[in-house]
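**Student:** Following this message is one structure expressed as structure tokens.
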Amino acid sequence: MAKAKYERTKPHLNIGTIGHIDHGKTTLTAAITKTLSQVGGAKATSYEEIDKAPEERERGITINTSHVEYQTETRHYAHVDCPGHADYIKNMITGAAQMDGSILVVSAADGPMPQTREHILLSRQVGVPYIVVFMNKIDMVDDPELLELVEMEVRELLSFYEFPGDDIPVLMGSALKALECGCGTRECEWCKHIWELMDAVDSYIPLPQRAVDKPFLMPIEDVFTITGRGTVTTGRVERGQVKVGDEVEIVGMREATRKTVCTGVEMFRKLLDYAEAGDNIGTLLRGVDRKEVERGMVLAKPGSIKPLTAFNAEVYVLTKEEGGRHTPFFGGYRPQFYFRTTDVTGIIQLPEGVEMVMPGDNVQMAIELITPIAIEEGLRFAIREGGRTVGAGVVTSLNE
């Protein structure tokens with residue numbers, strides 16, 4: 001069969017395997033690449049290659065992650081797999097590997113285990129929107145009733161964490177058997193399960209909304225005055241687009257927001273009619289004094305984001321080896337929170353029953369900032385102390 005070339009026309013999604021240690025995440029990842037390689041949709045990647053995940057650094061945190069890519073008839077996927085449990089936690093909290101959906105791998109022989117639960121909870125907290133389940137190792141289970149029982153348990157667990165447990169596709173198979181066979185046909189006793197899984201991923205996980213289609217937001221990095229023209233703010237457009245003549249809202253660093261009109265957009269010293277997600281631009285703002293705008297604020301579509309001081313977050317605390325703290329911290333701890341372009345002091349409140357947080361822990365916490373910031377669910381931040389990063393977090397809910 002002729003080798004399929006990489007068609008850029010296919011929509012792209014980011015997915016990953018999650019689940020308890022030794023339930024077969026990496027074997028499944030290898031089996032997917034092996035199966036799809038038979039039809040030119042992937043380069044077969046061995047278990048060993050995926051398992052020796054290279055170290056990456058995201059916001060100063062060391063994470064081991066493996067990336068493979070493959071395509072089905074309709075889509076192109078980038079797939080992440082992590083060797084260690086801690087790597088998943090760091091990945092999900094820092095957003096190093098943003099997932100549009102994930103494949104939860106559960107061993108049919110063992111059923112849901114502590115990390116199964118933790119990965120589902122983290123997916124809920126950090127906003128992984130869709131989960132497809134692969135019940136693995138069915139070659140080790142003789143009793144069909146046991147399979148039903150495990151499926152029921154998994155569905156209940158998903159529902160408990162507010163995923164649609166009754167509607168989520170649950171596929172069954174043996175990643176190892178499919179990998180060992182490797183014929184990749186839909187008729188094969190073992191390889192067909194990999195195809196069933198990919199069909200479910202294709203149909204159940206929807207295409208993500210593109211950044212450019214979301215409401216406009218640009219973190220302000222710098223502000224200056226152009227004599228005779230007015231105040232210019234510069235920054236990189238995070239999402240959406242802005243056209244000359246659009247009304248925008250200045251949000252953050254103050255209780256009140258301020259609406260103004262964008263009267264000019266320029267990039268690389270050229271004037272534009274509009275700018276969109278990913279562009280580094282300068283925006284001219286009508287009637288705004290230079291003293292009214294500062295780094296740390298954002299320009300946004302009016303009404304799309306509010307300045308807030310109180311929110312809940314899921315946080316990973318760096319280990320001493322990662323350059324973090326050497327000692328635990330307690331409730332009432334007052335570090336700096338770095339959002340987008342600026343540091344703001346905040347006070348940490350730990351959940352009931354949690355006395356202290358050790359380096360290397362991940363924890364849910366409530367945070368009260370001393371200055372309002374434009375905050376929304378899913379926003380990532382770093383926790384800093386004396387200029388060094390000691391934690392990474394993601395906003396899970398707002399306390400207005």
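Including glycine, each Cβ sits where the backbone N, Cα and C put it.
Reproduced below are the annotations present in Swiss-Prot:
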type: BINDING; residues: 19-26, 81-85, 136-139; note: GTP binding site
type: BINDING; residues: THR26; note: Mg(2+) binding site
type: DOMAIN; residues: 10-209; note: domain 'tr-type G'
type: REGION; residues: 19-26; note: region 'G1'
type: REGION; residues: 60-64; note: region 'G2'
type: REGION; residues: 81-84; note: region 'G3'
type: REGION; residues: 136-139; note: region 'G4'
**Student:** What is the number of other Cβ atoms found within 10 Å of the Cβ of LYS25 (GTP binding site)?
**Tutor:** 26
**Student:** Determine the Cβ neighbour count for GLY19 (GTP binding site): the number of other Cβ atoms within 10 Å of its Cβ.
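**Tutor:** So the Cβ neighbour count for GLY19 (GTP binding site) comes to 26.
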**Student:** How does the model score the region 'G2' (60-64) in terms of mean pLDDT?
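**Tutor:** Average per-residue pLDDT within the region 'G2' (60-64): 84.
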**Student:** As a quick check of your reading of DSSP, tell me how many residues in the region 'G3' (81-84) are helical, how many are strand and how many are coil.
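**Tutor:** Across the region 'G3' (81-84), the residues distribute as 0 helix, 1 strand, 3 coil.
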**Student:** Near ASP22 (GTP binding site), which residues of its chain come within a Cβ-Cβ distance under 8 Å, counting only those 6 or more away in sequence?
**Tutor:** SER107
**Student:** Would you mind checking how many other C-beta atoms are within 10 angstroms of the C-beta on HIS85 (GTP binding site)?
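**Tutor:** Its Cβ shell of radius 10 Å holds 14 other Cβ atoms.
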**Student:** Just give the helix, strand and coil counts over the region 'G1' (19-26), going by DSSP.
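**Tutor:** Its residues divide into 2 helix, 1 strand, 5 coil.
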